[in-house]
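Visitor: The annotation domain 'WDR5-like beta-propeller' is assigned in TrEMBL to B:2-282. For B:3-44, B:45-86, B:88-129, B:130-171, B:173-214, B:250-282, the entry in TrEMBL reads repeat 'WD'. The region 'Disordered' annotation in TrEMBL covers B:286-334. The compositional bias 'Basic and acidic residues' annotation in TrEMBL covers B:302-313.
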Amino acid sequence: MNLPLTDPSLLAQDIPESLSARLRSSGQAVCIRFSHQGDLLASGTSKGGISIFDLATNGCARKIKGHTPNRTVQSLSWSADDRYLLSSSIDWKIILWDLQDGSRVRVCNLGAPVYIAELHPSNRFQCVAALYEYRPVLVDLEDEAHPKQHPLPNLPMRAPNEQEDAAKADAKHFTTVAAFTPTGSHVVTGTTKGWLNIISTTTRETIYSLRLCSKPILLIRLSASGRDLLVNASDTIIRTIKLPDLTSPNLKPDSINLEVEHKFQDVVNRLSWNHVAFSSNADHVMASTLMNHDIYIWERGHGSLVKILEGPKEELGAVEWHPSKPLVAATGVESGKIFIWTINTPQRWSALAPDFVEVEENEEYVEHEDEFDIHPIEELKRKRLDQEDEEVDVLTVDEEQMQREKMGNMRNKDDEFRMPVLLDMGESDSEDEIVAIGTGQFRRKSTAREESEFLDGEVEDGDAVETNGHNGNKRRREE
Amino acid sequence: MTLTGHKRGVSAVKFSPDGRWIASCSADCTIKIWDAVTGALAHTLEGHLAGINCISWSPDSKYLASGSDDKLIRLWDVQRGKCMPTPLTGHHNYVFSLAFSPKGNMLVSGSYDEAVFLWDVRTARLMRSLPAHSDPVSGVDFVRDGTLAASCSSDGLIRIWDTGTGQCLKTLVHEDNAAVTSVRFSPNGKFVLAATLDSCVRLWDYVEGRCVKTYQGHQNEKFSLNAGFGVEDGKIVLWDVSSKEVLQTLSGHSGVVLGVDVGLDDQTIVTCGVDKTIKIWKKQPTAAMNGHHEPALPQQASRDDHGVAEHELAQNGTAENGVGENGAVPHEQS
């Protein structure tokens, strides 16, 4: 509802400018993911904990624990209604969480460390996972006791004339990353040997393969429209690829021919990229860099570098772009904090004094004909009251506004999910964890304590309320 | 129905968003939770050290926030009737107005220290301090999607704030500069309704910064009902939003009416006053003022979807006492 009052020049900005917030929970954040609505940010830590941050308050909204302690959380994925969260860890498990009460809806052991797991865009009980030195699997979690795992092919589809020496080439060929298309009809996977495979979800067969490079593919991301593909490979090149409409019924697998649209790389410094992401409308591509503190942002029209975001003096790991706003989040590799970049919003002084208008230059003031005429006050008042004859509508909400509030999803009010606000979170806010041990004396919270907390979490079935109950007397030092 | 139990004037009364409870707070330092249907007293919440000025329900009806003359904001677990261990500390003077954000994650508060504070409810931490006004902040409210907050003050200004950036986006001021005593967003968030001490209630289009309606029930009343009551005290006035006509006046309180709220079904109004009582008013299909009542029905009925609002209902009363509606309470204290 703030849009009509916001400075249009601010709305026109689509790239964040400066570091605006640091989020911190217990543990070192390694992977992050915005909810579809964009009001929450989930983060997984290197110790197996998961924190949900509220971006309105920049505070922690929920902590959930259930993965094996000290095993890194590898990936997070939100369900379409933002109520469920899928997490995967190198402890072989994937867990589906219900954020209503922080409970575990499904736990599934996939038999191998998980690289990445992603929920089906519309079915929260289906997900795809890429596993370490194993075939990627499509997991059906519908049946709680017996989740079904359907293996997907690792190997690319080859033309018949390439079949001969395929056996040698296919040795040690595994999938490193898998992602659903926005309709969930297909899965796009990347392999250790630089192949990109498109696999149909229904037949579980590869319908198209393309070799991008000879090095492993690190990350594949799809834009919200599903027509753009972003691939980060270990050959220091980020590629964008245009996809055909995979859902169209008259699409023939043979007719697919993907071509690389842009290649982004740093030819001079030979930087390699830790993590990549599309902007909300896929007009921009950003990447965090290995051994470097900056985030690079390119625009896709001409493929030119438009911005280098500077911020903390440390290397950045996972980067994420907010689903609707010019807001970027990234995790610090050393500190494990989450950093947020946004646009600068200067105060407009005319907003404070309604009689004033901000002008670029001095203007000659031209007096209106009757501007300073004197009328009897009573008459003026009566006239003004008489003019208030329009019909006002204080109830109807604009369609546009409803759309914004619902983020265009086909949800109605009844099944809209709102995460409950927990008031007994304890001191789990965005600052460093510092404990008051006496008047004016503080010490940093010991890591031993932190670990014991995670062990508690394991025993208590990840009940964030219980495990945090005893933290209530901690104090945060004001900066 | 009349609910009695408070020992001193009742400063505010609010229906819970689920419609089950009525909360009231009073200068006797207590909050009382009443069953909205039966009127039975469910809980008495004690903990504040001075009179309580304002209360606000969280959207899930589980928690209640209260602001008091002891400069604290306390959060209460209504089901258990308990106070949350950490109060929200930071205001330098009486906390005078409060509102929960629609998601329940933030609180906005206005105080006699002239500042508007935004709080993170979960950690009881002050998020932003807005240097809002040059006089006590008398009213605050959130818009329906939580992106804007409004504040008003006895300095005569109404300010609209962006809750995300903490910046002032708009200032509304009427030329008479009369002290503003309460501000509310309309259910669709396009207008703000503000009560001022010049016996007017104004509806503003805050985007254009224009006053679209002026409701002046108080004067009407003076002429028609003055006989029954000494001054303007003790009456509640309902206006039609568009025609500005007074639809109905309810009288029954024997003192100034301080707080008013509309129930979920739009058929119930609850009011409270310095006469220590809370009154629940039910709309009767065959009201005496039927002629005026009819046109209001569609508007009132459609409010169901939007929860509670008092856009066509503003309390009358203290206009000539020189202090804001709730202002009687801190003054009683001193």
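Every residue, even glycine, has its Cβ placed from backbone N, Cα and C.
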Visitor: Could you give me three numbers for the repeat 'WD' (B:88-129), the DSSP helix, strand and coil residue counts?
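Guide: Helix, strand and coil residues of the repeat 'WD' (B:88-129) number 0 helix, 23 strand, 19 coil.
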Visitor: Determine how many residues of the repeat 'WD' (B:3-44) DSSP places in helix, in strand and in coil.
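Guide: Helix, strand, coil within the repeat 'WD' (B:3-44): 0 helix, 24 strand, 18 coil.
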Visitor: Please work out the helix, strand and coil residue numbers for the repeat 'WD' (B:130-171) from the DSSP assignment.
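Guide: Once the DSSP states are binned, the repeat 'WD' (B:130-171) shows 0 helix, 23 strand, 19 coil.
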Visitor: For a three-state summary based on DSSP, what are the helix, strand and coil counts in the repeat 'WD' (B:173-214)?
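Guide: Helix, strand, coil within the repeat 'WD' (B:173-214): 0 helix, 24 strand, 18 coil.
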Visitor: Kindly state the mean pLDDT of the repeat 'WD' (B:250-282) in the predicted structure.
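Guide: Mean pLDDT, the repeat 'WD' (B:250-282): 76.
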